[in-house]
């Protein structure tokens, strides 16, 4: 019941021209199997990095300065995930336009109201602001409600089509593409997702789904925290509010910034202690509420001493095989890129199998790939490949 990802084969307005040819899409919302299963139970540093530090290591920040949070933070593991290339916007004042509206139930005005509510969920807790512009004007984000066959999904293997009612609900593209597509076969409503016995269809909460997809459009992938809005099954579980996990992900991606100019003054007056909820939202930097988990979800690994280097032409598909002869010993395969764990497949970019890893050679995917086969705490074997793309 995982989500698939959409990848735009050509990127315009690219920063770092070579690697944006591989811009990842946001992951897609909900599979039909997940629905059926559920039914069974009725910056400062950010901008420097954005201009070229695409291989910045995924390292946590300093120890938190807030005593009341310390005991919780030192034992938690990082839950949010970012795109492998840490794709992000280079400005906070984003515009959006609505290219088409749903044909079922919601009027254009209701649709606008629902989307605005979803955007407010993010603008209320981040430096981002969102403003709708006319459909004919250029914008950062482009929103539309589309049929099964939409835009280039039939001719592009990297952008899939929708699948009709109650299947995939929506998908979004990572920055700087800005596309957010909703399945027009769904019955969108302003209110909780529920089954309508009168109509015989599922009614889907537009605000909740849109807020999740906006998170992808800002550069966040799925969170592993059960109660996070960016969790894989957030809609199924009914979590509608942004969690601290999303805030840490935004801090990691865009820097931890105060939202108003009086934060320093408020911090001196002791608001960080007596008004923690307000100050976490408005003044995370002045109150030292910024925190990066130093613990990866899977332990990092060092590359083996013997690493094979492969020079390949851009666009070539490559597959690495690992530990096929010893998997009968019940070993488990772990994959890493540049010593950081790979935990998910990204269709059109990277595919993880039990004992193989497939990638498309491009500037984003350059690096050192390592596989480690472990049985409990014992390492059975290790392989490593260094990929370099020919210009």
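Glycine is no exception: its Cβ is also placed from the backbone N, Cα and C atoms.
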Among 1-19, 20-38, where does Swiss-Prot put the label transmembrane segment? 20-38
Would you kindly give the Cα-Cα distance separating residue 371 (disulfide bond) and residue 256 (disulfide bond), rounded to the nearest Å? 34
According to DSSP, which of helix, strand or coil covers residue 149 (N-linked glycosylation site)? coil
Can you tell me which of the recorded positions 149, 213, 233, 263, 283 is spatially closest to residue 322 (disulfide bond)? Compare CA atoms only. 233
Can you count helix, strand and coil residues in the domain 'ShKT' (256-290) using DSSP? 17 helix, 0 strand, 18 coil
